[in-house]
Amino acid sequence: MRPVSIWQRSPWGLLLCLLCSSCLGSPSPSTAPEKRAGSQGLRFRLAGFPRKPFEGRVEIQRAGEWGTICDDDFTLQAAHILCRELGFTEATGWTHSAKYGPGTGRIWLDNLSCSGTEQSVTECASRGWGNSDCTHDEDAGVICKDQRLPGFSDSNVIETRVRLKGGAHPGEGRVEVLKASTWGTICDRKWDLQAASVVCRELGFGSAREALSGARMGQGMGAIHLSEVRCSGQEPSLWKCPHKNITAEDCSHSQDAGVRCNLPYTGVETKIRLSGGRSQHEGRVEVQIGGPGSLRWGLICGDDWGTLEAMVACRQLGLGYANHGLQETWYWDSGNITEVVMSGVRCTGSELSLDQCAHHGTHIACKRTGTRFTAGVICSETASDLLLHSALVQETAYIEDRPLHMLYCAAEENCLARSARSANWPYGHRRLLRFSSQIHNLGRADFRPKAGRHSWVWHECHGHYHSMDIFTHYDILTPNGTKVAEGHKASFCLEDTECQEDVSKRYECANFGEQGITVGCWDLYRHDIDCQWIDITDVKPGNYILQVVINPNFEVAESDFTNNAMKCNCKYDGHRIWVHNCHIGDAFSEEANRRFERYPGQTSNQVI
């Protein structure tokens, strides 16, 4: 479904970009080429992942609102026009069925038909702006020739330089800026309302309501790029303000700056409410549907309702993050609302309201009927945020040939490849790619397992309880994304291995203790413990990608899921392995992508 009507009249589709961790820059005034006359008022960008700088999902900003293009009737001729809008000479191909991932917001164009000679996409035939019967699973993409138009001005192409992280509500968060292809934070020294207002306007909001200091929106990790930022408040970009470049010794992440921006009234919170809960932060989800004169409230089918859907509901309610997304709510008073009016809800987690998520429309289909199996949420103003220390993976990776007679516990816990089941136990060995993983909690709430202590599973071999069925995925992928090996680390014991100086440990696996990761602490799984590996016995020599994903099934809510994945180049010659160029998922800036793609031999898997 489309967003509520008020979105069509106000420029706050930029919120979608913010919540998807996209970064908006303030373009400098310049004279656009003559061919741009028909596209005046439109902006373009390439989005999605994984992609190179000259390819991606096509997104258009019209009337301040970002949207996509449906792939119905899309052709190479249309791709040519769009690539030229983006400043490239021509298209070499196009993609369908949301190859670069589904977008959010409006689907601006459908049945787009171009001859290839048009000066602007506005001259192509279509169903009209905003008129579409598609879903975001049909978003079109383009692959442009990596060659820029002579004299191209990118004044209407939006770019990868300021973003907000860690905020519970739209328009708030820790300020991060892009410098030399690396995201970093800002020290709060001399941070004030004028500088915060520049950030808010750069991201498409109004002025700032608050300038936050002391890492109020959680601590970042890695570089601190700027300090003593002094703005008049009128600058088009934070980078135009006088500032000081600093070294790591000058400031710490406990001084990370943040903002809260003034937002317009959109009305999305009036279309949703909670009922039956013990407090205003929990309850069965009720949504309002229908038009003027026929508005009514109803329930949401609980089928497939999970953390991502609950995150959108809590955001729409203005209640922050979701602690839990519940598929059964029989223990809450149902009140007098019994009709189910929405089913099949599937969200990416970045939407601002549930009607922007995919769902069944007017056709309601529930596998389990009755008010007992309707969706509910428990919301919270804070959430955890896990981040893998990627450099440690790179530094500690190595191969070990481990005898089978030493792997009985690992086999019991399903930590070996399937072929190990048919091995001649206890003779022979398995080849293991081993590495350490250090997982930090940078959020504003402890990371706690979803399951209570009563359901934790005791593992005799390793002598501790496992609190999560799946906490991390380890995979070896071909360059085109095909999985050739995986780490079967099915269960985890979560604890505070080490903490920052001013933080005390709270969780310990021993003696059936509480499990979790405290804010400011990290859980370290050393390379030399069982199951901290990928069984690569059956992998042929070649060039691969090592991928590690934390909390892959979104079992536990986090303030930011975009930094849960890590990828590395991986070259294996049959005897040795090289792991390098490791990056956290959202650290794949365009320059980092170029470095990653230029790795010699990355395009093929030939035996060396």
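Heads up, the Cβ atoms here are built off N, Cα and C, so glycines get one too.
TrEMBL entries are annotated by machine, without manual review.
TrEMBL has this to say about the protein:
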type	residues	note
DISULFID	CYS70-CYS134	disulfide bond
DISULFID	CYS83-CYS144	disulfide bond
DISULFID	CYS114-CYS124	disulfide bond
DISULFID	CYS187-CYS251	disulfide bond
DISULFID	CYS200-CYS261	disulfide bond
DISULFID	CYS231-CYS241	disulfide bond
DISULFID	CYS347-CYS357	disulfide bond
DOMAIN	44-145	domain 'SRCR'
DOMAIN	162-262	domain 'SRCR'
DOMAIN	272-380	domain 'SRCR'
SIGNAL	1-25	signal peptide
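A sphere of 10 angstroms centred on the C-beta of CYS357 (disulfide bond) encloses 22 other C-beta atoms. Here the CA atom of CYS357 (disulfide bond) lies 39 Å from the CA atom of CYS241 (disulfide bond). Within the same chain, residues at least 6 positions away in sequence whose Cβ sits under 8 Å from that of CYS251 (disulfide bond) are CYS187, ARG189, ILE224, SER227. Per-residue confidence over the domain 'SRCR' (272-380) averages 90 (mean pLDDT, predicted model). CYS200 (disulfide bond) counts 25 other C-beta atoms within 10 Å of its own C-beta, drawing on all protein chains shown. On a Cα basis, CYS231 (disulfide bond) lies 36 Å away from CYS83 (disulfide bond). Helix, strand and coil counts from DSSP across the domain 'SRCR' (44-145) read 16 helix, 35 strand, 51 coil. Broken down by DSSP into helix, strand and coil, the domain 'SRCR' (272-380) contains 17 helix, 36 strand, 56 coil. Cα separation, CYS134 (disulfide bond) to CYS357 (disulfide bond), rounded: 13 Å.
The distance from the Cα of CYS124 (disulfide bond) to the Cα of CYS144 (disulfide bond) comes to 19 Å. Packing around CYS241 (disulfide bond) is summarised by its Cβ count: 19 other Cβ atoms lie within 10 angstroms of its Cβ, all protein chains included. CYS83 (disulfide bond) counts 26 other C-beta atoms within 10 Å of its own C-beta, drawing on all protein chains shown. By the criterion of other Cβ atoms within 10 Å of the residue's own Cβ, the least surrounded of the disulfide-bonded residues CYS70, CYS124, CYS187, CYS231, CYS347 is CYS124. Listed in sequence order, the residues of the same chain lying 6 or more apart from CYS144 (disulfide bond) and placing their CB within less than 8 Å of its CB are PHE54, GLU55, ALA79, CYS83, LEU86, PHE88, THR89, GLU90, ALA91, THR92.
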